[in-house]
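See below for the structure under consideration.
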Amino acid sequence: MSDVEKVDGECSASGKRERLTLKLGDKLKVPPSLARGTSTGKSFTTVEVRSKKRRPGEYISHDDKRRSGLNKAVSGLTAQEQLFRINAINMADSISAKEKELAAARKAKEEEELAAAAAVVEEAVEEVSVEGDVPPVEAVEAAVPDVEEVVAPVATPSHSNKSGHDDRGGKKYAHGATGRHKEKEGVSIKKVASSRGASKHIKLDIENALSGLEDKRVTRFSSSTHKRRSSNVKSGRRISREVVISDKMTVRDLALAMAEKAQDVLRMLSHVGVEARMDTGLDSEVACEIAVEFGHRPRVVSIVKMEQELSDVCGDDFVSEPRPPVVTVMGHVDHGKTSLLDVLRKSNVAEKEFRGITQHIGAYQIDVDGKKITFLDTPGHEAFADMRARGANVTDIVVLVVAADDGIMPQTVESINHVKAAGVAMVVAVNKIDKSDADVGRITNELLQYGVIAEELGGDVMIVPVSAKTGENIDKLQSAILLLAEMLELSAPRECRAQGVVIEAKIDRGCGVVATVIVQKGTLKKGDIIVAGDSSYGKVRSMFDDADRVVTSALPAMPVRVLGLNAIPKAGDTLIVMPSEKQARDLLWHRSEINSAREENRAVPSFSGAIMASMDSKVEEINLILKADVAGSMEAVSCAVEQLVHEEVKFNVLHKEMGDVTKSDVLLAEVSSAVILAFNVRVDAKARDLLRLKKVDVRHYQVIYDLVDDVRNMVSGKLKPIVQEMQVGLLTVRQMFSSGKSGTVLGCYVTEGAVTRGATVCVCRGETVIGEGTVKALRRFKEDVKEVNRGLECGLLVDGVKGVLAGDVIKVLEIVERMRGVE
């Protein structure tokens with residue numbers, strides 16, 4: 001039987017691997033094909049590993065001549081060691097082949113880079129020769145004095161250099177041809193062998209040459225694109241540009257405006273005698289001087305003027321087109337404003353409001369006979385005065401709703417004043433004419449004293465009697481609005497950048513910041529960069545109309561809900577579309593500078609005056625945290641709190657924000673002993689779990705009336721009560737008795753009320769007060785009693801009063817504390 005037994009048979013043509021089993025023997029005999037590493041389709045398994053020490057000096061050679069004598073060389077090794085040797089030989093062969101491939105690839109890449117670099121240098125040489133300042137050879141040598149390169153024209157073909165060798169760690173590596181000649185129009189570059197062994201760094205040398213040429217400002221090249229870039233920058237010259245200098249400009253801002261390094265600007269400032277840092281504000285004169293030193297043309301523009309230039313969305317080049325009217329419905333609370341609007345837009349918003357009272361400003365657009373009308377519904381409570389004023393300022397026509405049964409009310413008068421201040425047209429809708437006590441004539445006469453004269457009385461105000469309940473005369477009201485809008489000839493440009501007014505703003509859980517906007521000019525599109533107010537900007541991610549339909553653009557007078565702002569704007573802020581995000585940030589920066597300048601101009605009380613005021617005043621403080629659903633509601637809540645401030649009670653609003661009550665709100669309220677006023681918002685899950693452990697007062701409201709009453713009660717609870725002395729009894733002294741050590745007992749008759757033991761009494765003789773004291777003992781006959789009523793006689797022992805005579809009058813007093821109210 002042979003030493004090697006086939007187990008799995010012959011290797012198939014498909015390339016299946018044969019398995020060889022090596023049997024026991026004195027020495028392991030390996031087939032020559034396997035020993036030479038040529039058998040790649042076979043695998044073998046050792047049956048037994050025989051341990052035997054290796055003879056000294058035995059090794060496996062890498063040479064093919066020694067590989068044939070493998071059995072003799074490894075006869076002293078174990079079977080496992082011999083297999084390791086064989087595998088190492090095979091792996092070494094594969095690694096050697098891979099190294100050769102990589103070396104060839106590297107060599108080809110180096111040749112390509114060398115050729116490209118040589119081409120760039122040739123272009124540099126040509127450029128220098130064109131300039132005529134320095135000959136080509138001298139220019140390159142002057143740029144790179146330390147590199148041994150020779151640039152010379154040759155007439156013969158280039159020859160490759162001999163290979164160089166370097167011995168590292170006993171191994172030899174072939175460098176190959178490191179220096180080569182590139183022919184182009186009779187010019188070649190030859191690398192001369194360096195004494196420092198830098199023959200393989202020709203690429204670095206060429207890059208240094210290019211850098212030196214760039215320092216001489218001859219031309220600019222790009223080695224990455226292998227193309228020459230022409231430049232206007234020459235030695236000693238800078239690009240001059242117009243630099244806009246504002247009133248307040250920091251060193252960093254000036255450097256950015258000039259496109260210069262901030263360190264260079266600081267160095268120039270130190271040369272002119274100004275010590276500054278990056279955030280130091282510069283005077284406009286100093287900034288202009290620095291700009292001139294850098295060779296620029298300064299132009300001084302005030303911050304206010306710059307803000308106006310940035311916020312100007314359209315000029316005279318845009319043609320105005322007709323637009324729908326914006327109509328605001330105003331009036332006293334519960335006079336039927338929302339119900340009337342529901343009839344106009346054929347909806348039922350009033351029933352969705354809590355108790356039927358509007359708490360937010362709403363924007364809707366309806367279609368009447370093919371013509372659109374935009375309506376704004378405002379709350380009627382006095383706390384929403386700013387909201388109504390805002391509605392009057394953005395509107396074209398005001399529909400003043402007056403209940404026919406109630407007549408003119410305080411918020412009706414306030415709405416009339418807003419209309420007059422805004423200078424807009426007005427239509428009076430006398431609502432609830434379906435009631436039995438309705439009197440339209442009385443309403444017309446009452447309006448006269450406020451300067452509202454009806455058309456039938458010779459004025460210019462249309463008065464339309466309507467009924468939101470039955471729908472009577474609703475068509476006449478619509479016709480009156482359209483007629484007035486036609487007379488006003490309303491128009492606005494559509495092609496310019498959009499501008500609008502923020503009506504409401506809030507934070508939505510799924511959408512982020514949502515702002516309700518009325519577009520006034522231009523067309524607001526999805527993707528526009530917008531700025532709202534002094535701190536909000538962003539990109540319009542999406543828009544929705546009043547019916548929650550997605551829209552991609554909004555024309556003038558169209559109300560939309562805009563998503564994409566980074567912060568909540570204030571209700572009433574102007575929304576502007578900017579050409580770029582950079583200009584949007586610049587506009588916000590200018591507005592912040594204007595606001596900071598206004599803050600600096602305000603009078604600041606002195607430190608000593610503040611200390612004296614705090615020492616003299618003993619004011620009770622109430623810490624509050626305000627939470628509301630929208631910006632308009634937050635404004636109303638803040639207004640209500642400010643109006644209820646008393647001279648003895650002060651509200652400290654620690655934090656106010658739109659959105660639900662959060663965990664941070666609860667923690668802040670705990671450490672500051674604050675009360676959380678939550679208007680139309682809830683408490684989120686994490687804050688709800690925390691409230692079970694913390695003693696924090698969270699008060700929820702859905703109607704502004706309830707919030708105002710509760711805040712008023714909070715103020716009353718902090719005020720010191722009014723102390724009053726009330727007379728509850730009257731006695732007449734008839735006789736005095738001496739009781740020895742106890743004192744004088746007064747025999748009295750109760751003429752009014754009653755007297756009790758321990759009561760406070762005042763002894764009077766005519767109009768003169770003899771003294772005041774306390775009833776120490778009270779007896780009827782010889783029995784101690786607690787109280788003696790009217791018409792009975794009793795004996796009193798009064799502590800603290802002496803010299804009482806018969807006929808004196810004793811008044812029984814009671815100290816009463818009464819809570820103080822807030823108007």
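Placed from the backbone N, Cα and C atoms, the Cβ positions cover glycine too.
According to Swiss-Prot, the features are:
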BINDING   331-338, 377-381, 431-434  GTP binding site
COMPBIAS  36-48  compositional bias 'Polar residues'
COMPBIAS  56-66  compositional bias 'Basic and acidic residues'
DOMAIN    322-491  domain 'tr-type G'
REGION    30-66  region 'Disordered'
REGION    156-192  region 'Disordered'
REGION    331-338  region 'G1'
REGION    356-360  region 'G2'
REGION    377-380  region 'G3'
REGION    431-434  region 'G4'
Item to check | Confidence summary for the region 'G3' (377-380), mean pLDDT rounded | outcome: 60
Checklist entry - By a simple count, how many Cβ atoms lie within 10 Å of the Cβ of LYS337 (GTP binding site), its own Cβ left out? => result 27
Checklist entry - Ranked by the number of other Cβ atoms within 10 Å of their own Cβ, which of the binding-site residues GLY331, ASP334, ILE433 ranks first? => result GLY331
Checklist entry - Mind checking how the region 'G4' (431-434) divides into helix, strand and coil residues in DSSP? => result 0 helix, 1 strand, 3 coil
